[in-house]
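**Q** Sharing a structure with you now.
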Amino acid sequence: MNTLLVTGTSTDVGKTVVTAALTALARAEALPVAVCKPAQTGVAPGEPGDLAEVRRLAGPVPTLELARYPEPLAPDTAARRCGAPLLTLDETATAVRGLDAELTVVEGAGGLLVRIGEFTLLDLARELDAPVLVVAAAGLGTLNHTELTIRALDAAGVRCAGVVIGAWPAEPDLASVCNREDLPRLTGVPIVGAVPAGVGAWDHDRFTAAVPGWFAPGWSPRLPFNSDSPPSTWGFDTSQSGT
(Lines of atoms letter the chains of each structure in order from A and count residues from 1; the text may use other names and numbers.)
(Lines give C-alpha, C1' and ligand atoms only; values in the text may rest on other atoms or scores of the structure.)
Protein backbone atom coordinates (compact mmCIF):
# COMPACT_ATOMS: atom_id res chain seq x y z
CA MET A 1 0.00 0.00 0.00
CA ASN A 2 1.19 3.51 -0.82
CA THR A 3 0.13 6.52 1.21
CA LEU A 4 0.08 10.15 0.10
CA LEU A 5 -0.63 12.89 2.63
CA VAL A 6 -2.15 16.21 1.56
CA THR A 7 -1.42 19.37 3.51
CA GLY A 8 -1.99 23.05 2.85
CA THR A 9 0.11 26.13 3.35
CA SER A 10 -2.87 27.47 5.30
CA THR A 11 -6.57 26.84 5.68
CA ASP A 12 -8.95 27.35 2.73
CA VAL A 13 -6.32 26.82 0.02
CA GLY A 14 -8.23 24.00 -1.68
CA LYS A 15 -7.06 20.80 0.06
CA THR A 16 -10.39 19.00 -0.23
CA VAL A 17 -10.85 19.76 -3.93
CA VAL A 18 -7.24 18.73 -4.59
CA THR A 19 -7.84 15.53 -2.60
CA ALA A 20 -10.88 14.86 -4.78
CA ALA A 21 -8.82 15.54 -7.90
CA LEU A 22 -6.09 13.13 -6.77
CA THR A 23 -8.74 10.52 -6.05
CA ALA A 24 -10.34 10.99 -9.46
CA LEU A 25 -6.93 10.80 -11.13
CA ALA A 26 -6.17 7.53 -9.34
CA ARG A 27 -9.54 6.10 -10.37
CA ALA A 28 -8.87 7.12 -13.98
CA GLU A 29 -5.65 5.09 -13.77
CA ALA A 30 -7.62 2.10 -12.39
CA LEU A 31 -5.71 2.45 -9.13
CA PRO A 32 -7.68 1.23 -6.07
CA VAL A 33 -7.81 4.28 -3.82
CA ALA A 34 -9.16 5.15 -0.37
CA VAL A 35 -9.32 8.51 1.40
CA CYS A 36 -8.89 9.28 5.09
CA LYS A 37 -9.71 12.50 6.92
CA PRO A 38 -8.49 11.89 10.47
CA ALA A 39 -10.38 14.82 12.00
CA GLN A 40 -13.29 16.82 10.59
CA THR A 41 -14.15 20.11 12.27
CA GLY A 42 -16.96 22.61 11.85
CA VAL A 43 -19.51 19.99 10.80
CA ALA A 44 -22.32 18.64 12.97
CA PRO A 45 -23.01 14.91 13.31
CA GLY A 46 -24.96 13.60 10.33
CA GLU A 47 -24.04 16.51 8.07
CA PRO A 48 -21.89 15.97 4.96
CA GLY A 49 -18.22 16.76 5.56
CA ASP A 50 -15.12 16.89 3.39
CA LEU A 51 -15.19 13.17 2.61
CA ALA A 52 -18.73 13.47 1.28
CA GLU A 53 -17.48 16.20 -1.05
CA VAL A 54 -14.62 13.97 -2.21
CA ARG A 55 -17.08 11.17 -3.03
CA ARG A 56 -19.43 13.58 -4.81
CA LEU A 57 -16.69 14.92 -7.05
CA ALA A 58 -14.46 11.86 -7.54
CA GLY A 59 -16.95 9.01 -7.29
CA PRO A 60 -17.55 6.17 -4.84
CA VAL A 61 -14.39 5.27 -2.94
CA PRO A 62 -13.77 3.89 0.56
CA THR A 63 -13.42 6.75 3.05
CA LEU A 64 -12.61 6.97 6.74
CA GLU A 65 -13.19 9.77 9.24
CA LEU A 66 -11.83 9.08 12.72
CA ALA A 67 -13.21 12.06 14.66
CA ARG A 68 -15.64 14.93 14.17
CA TYR A 69 -15.97 18.12 16.18
CA PRO A 70 -18.72 20.73 15.73
CA GLU A 71 -16.69 23.93 16.05
CA PRO A 72 -14.57 25.19 13.10
CA LEU A 73 -11.28 25.18 15.00
CA ALA A 74 -8.00 23.29 14.95
CA PRO A 75 -8.90 19.65 15.75
CA ASP A 76 -7.16 19.45 19.12
CA THR A 77 -8.71 22.76 20.23
CA ALA A 78 -12.14 21.65 19.02
CA ALA A 79 -11.76 18.30 20.80
CA ARG A 80 -10.78 19.91 24.10
CA ARG A 81 -13.67 22.38 23.94
CA CYS A 82 -16.26 19.65 23.49
CA GLY A 83 -14.64 17.24 25.94
CA ALA A 84 -13.80 14.62 23.32
CA PRO A 85 -10.70 12.44 23.59
CA LEU A 86 -7.77 13.51 21.45
CA LEU A 87 -6.76 11.32 18.55
CA THR A 88 -3.41 9.63 19.06
CA LEU A 89 -0.68 9.09 16.50
CA ASP A 90 -0.73 5.32 16.96
CA GLU A 91 -4.48 4.90 16.45
CA THR A 92 -4.46 7.18 13.41
CA ALA A 93 -1.50 5.46 11.75
CA THR A 94 -3.05 2.05 12.45
CA ALA A 95 -6.35 3.15 10.89
CA VAL A 96 -4.61 4.47 7.76
CA ARG A 97 -2.60 1.27 7.37
CA GLY A 98 -5.80 -0.74 7.75
CA LEU A 99 -7.48 0.74 4.68
CA ASP A 100 -7.67 -1.81 1.88
CA ALA A 101 -6.39 0.13 -1.12
CA GLU A 102 -3.31 0.35 -3.29
CA LEU A 103 -3.21 4.10 -2.61
CA THR A 104 -4.50 5.87 0.49
CA VAL A 105 -4.82 9.65 0.36
CA VAL A 106 -4.85 11.34 3.78
CA GLU A 107 -6.16 14.90 3.97
CA GLY A 108 -4.89 16.93 6.89
CA ALA A 109 -6.45 19.89 8.66
CA GLY A 110 -5.15 23.38 7.91
CA GLY A 111 -1.37 23.39 7.61
CA LEU A 112 1.43 20.93 8.27
CA LEU A 113 1.87 21.75 11.97
CA VAL A 114 -1.79 22.08 12.95
CA ARG A 115 -2.45 19.61 15.75
CA ILE A 116 -4.83 16.86 14.67
CA GLY A 117 -4.83 15.46 18.20
CA GLU A 118 -1.71 14.62 20.13
CA PHE A 119 0.24 14.95 16.88
CA THR A 120 0.56 16.90 13.62
CA LEU A 121 0.34 15.80 10.00
CA LEU A 122 4.13 16.03 9.91
CA ASP A 123 4.31 13.49 12.74
CA LEU A 124 1.92 11.20 10.85
CA ALA A 125 3.99 11.45 7.67
CA ARG A 126 7.10 10.40 9.57
CA GLU A 127 5.27 7.55 11.27
CA LEU A 128 3.94 6.25 7.94
CA ASP A 129 7.15 7.07 6.02
CA ALA A 130 4.87 8.72 3.46
CA PRO A 131 5.38 11.69 1.13
CA VAL A 132 3.40 14.90 1.50
CA LEU A 133 1.78 16.90 -1.30
CA VAL A 134 1.63 20.62 -0.54
CA VAL A 135 -1.44 22.59 -1.64
CA ALA A 136 -0.60 26.27 -2.01
CA ALA A 137 -2.45 29.48 -2.77
CA ALA A 138 -1.74 31.32 -6.00
CA GLY A 139 -1.41 34.92 -4.82
CA LEU A 140 0.55 37.15 -2.47
CA GLY A 141 2.02 35.44 0.58
CA THR A 142 2.33 32.02 -0.98
CA LEU A 143 6.10 32.16 -1.48
CA ASN A 144 6.74 32.51 2.25
CA HIS A 145 4.06 30.04 3.33
CA THR A 146 5.08 27.40 0.81
CA GLU A 147 8.79 27.65 1.49
CA LEU A 148 8.21 27.44 5.25
CA THR A 149 6.14 24.28 4.74
CA ILE A 150 8.72 22.63 2.50
CA ARG A 151 11.58 23.58 4.82
CA ALA A 152 9.69 21.93 7.69
CA LEU A 153 9.32 18.77 5.60
CA ASP A 154 13.01 18.81 4.70
CA ALA A 155 14.07 19.33 8.31
CA ALA A 156 11.99 16.33 9.37
CA GLY A 157 13.31 14.14 6.57
CA VAL A 158 9.87 13.83 4.95
CA ARG A 159 9.62 13.65 1.17
CA CYS A 160 7.62 16.27 -0.70
CA ALA A 161 5.48 14.91 -3.53
CA GLY A 162 5.24 18.32 -5.19
CA VAL A 163 3.21 21.51 -4.98
CA VAL A 164 -0.32 21.94 -6.33
CA ILE A 165 -1.95 25.34 -6.73
CA GLY A 166 -5.30 24.76 -5.07
CA ALA A 167 -7.34 27.47 -6.83
CA TRP A 168 -5.75 28.91 -9.95
CA PRO A 169 -7.72 32.05 -10.92
CA ALA A 170 -9.37 32.44 -14.31
CA GLU A 171 -7.67 35.83 -14.59
CA PRO A 172 -4.42 35.57 -12.62
CA ASP A 173 -2.91 38.79 -11.34
CA LEU A 174 0.77 39.67 -11.63
CA ALA A 175 1.62 38.12 -8.25
CA SER A 176 0.07 34.80 -9.23
CA VAL A 177 1.89 34.70 -12.56
CA CYS A 178 5.21 35.52 -10.88
CA ASN A 179 4.60 32.98 -8.11
CA ARG A 180 4.06 30.30 -10.70
CA GLU A 181 7.62 30.87 -11.92
CA ASP A 182 9.20 31.56 -8.53
CA LEU A 183 7.82 28.70 -6.42
CA PRO A 184 9.88 25.91 -8.06
CA ARG A 185 12.99 28.08 -8.10
CA LEU A 186 12.77 29.05 -4.43
CA THR A 187 11.62 25.73 -2.99
CA GLY A 188 13.41 23.26 -5.26
CA VAL A 189 10.08 21.44 -5.65
CA PRO A 190 8.05 21.45 -8.87
CA ILE A 191 4.47 22.58 -9.30
CA VAL A 192 2.85 19.29 -10.33
CA GLY A 193 -0.72 20.56 -10.60
CA ALA A 194 -2.97 23.60 -10.75
CA VAL A 195 -6.67 23.19 -10.03
CA PRO A 196 -8.84 25.97 -11.47
CA ALA A 197 -10.72 28.06 -8.94
CA GLY A 198 -14.40 27.19 -8.68
CA VAL A 199 -14.31 23.57 -9.86
CA GLY A 200 -15.56 22.37 -6.49
CA ALA A 201 -19.01 23.49 -7.62
CA TRP A 202 -18.93 21.24 -10.69
CA ASP A 203 -20.79 17.94 -10.96
CA HIS A 204 -19.03 14.59 -10.94
CA ASP A 205 -18.92 14.02 -14.70
CA ARG A 206 -17.53 17.43 -15.55
CA PHE A 207 -15.01 17.30 -12.71
CA THR A 208 -13.59 13.85 -13.49
CA ALA A 209 -13.39 14.55 -17.22
CA ALA A 210 -11.26 17.65 -16.60
CA VAL A 211 -8.96 16.31 -13.85
CA PRO A 212 -6.14 14.89 -16.03
CA GLY A 213 -5.53 18.34 -17.53
CA TRP A 214 -4.85 19.84 -14.12
CA PHE A 215 -1.68 17.84 -13.46
CA ALA A 216 1.71 17.78 -15.12
CA PRO A 217 2.05 15.25 -17.95
CA GLY A 218 3.35 11.97 -16.60
CA TRP A 219 2.75 12.87 -12.95
CA SER A 220 0.73 10.33 -11.01
CA PRO A 221 -0.26 10.01 -7.34
CA ARG A 222 1.23 6.51 -7.47
CA LEU A 223 4.67 7.95 -8.36
CA PRO A 224 5.23 10.86 -5.96
CA PHE A 225 8.02 13.30 -6.69
CA ASN A 226 11.34 12.42 -5.10
CA SER A 227 12.83 15.53 -3.50
CA ASP A 228 16.32 14.32 -4.48
CA SER A 229 15.44 14.77 -8.15
CA PRO A 230 15.95 18.15 -9.87
CA PRO A 231 12.82 20.30 -10.07
CA SER A 232 11.13 20.69 -13.42
CA THR A 233 9.07 23.52 -14.85
CA TRP A 234 5.59 22.63 -16.02
CA GLY A 235 3.95 25.21 -18.25
CA PHE A 236 0.38 24.62 -17.12
CA ASP A 237 -2.38 26.31 -19.05
CA THR A 238 -3.08 29.59 -17.29
CA SER A 239 -6.25 30.02 -19.33
CA GLN A 240 -7.98 27.22 -17.39
CA SER A 241 -11.20 28.38 -15.80
CA GLY A 242 -13.47 26.88 -13.21
CA THR A 243 -16.50 28.73 -14.49
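Any Cβ shown, glycine's included, is placed from N, Cα and C.
Residues annotated as active site in Swiss-Prot: Lys37. Residues annotated as ATP binding site in Swiss-Prot, with sequence analysis given as evidence: Asp12, Val13, Gly14, Lys15, Thr16, Val17, Asp50, Glu107, Gly108, Ala109, Gly110, Pro196, Ala197, Gly198. According to Swiss-Prot, the Mg(2+) binding site annotation covers Thr16, Asp50, Glu107. The annotation substrate binding site is assigned in Swiss-Prot to Thr41 on the grounds of sequence analysis.
In terms of burial and nearby residues, how do these features look in this structure?
**A** Within its own chain, Lys37 (active site) has Gly49, Asp50, Leu51, Thr63, Leu64, Glu65, Leu66, Val106, Glu107 as residues 6 or more apart in sequence whose C-beta sits under 8 angstroms from its own.
When secondary structure is read from DSSP and collapsed to three states, Thr16 (ATP binding site) falls in the helix class.
Under a cutoff of 8 A between CB atoms, and with a sequence separation of 6+ in the same chain, the neighbours of Thr16 (ATP binding site) are Asp50, Glu53, Val54, Glu107, Gly200.
The Cβ of Thr41 (substrate binding site) lies under 8 Å from the Cβ of Arg68, Tyr69, Pro70, Glu71, Pro72, Leu73, Ala74, Pro75, Ala78, Ala109, each on the same chain and at least six residues away in sequence.
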**Q** When DSSP is mapped onto helix/strand/coil, what comes out for Gly108 (ATP binding site)?
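**A** Strand, per DSSP.
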**Q** Of all the binding-site residues here, Gly14, Gly108, Gly110, which one's CB has the most other CB atoms within 10 A?
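**A** Answer returned by the neighbour count: Gly108.
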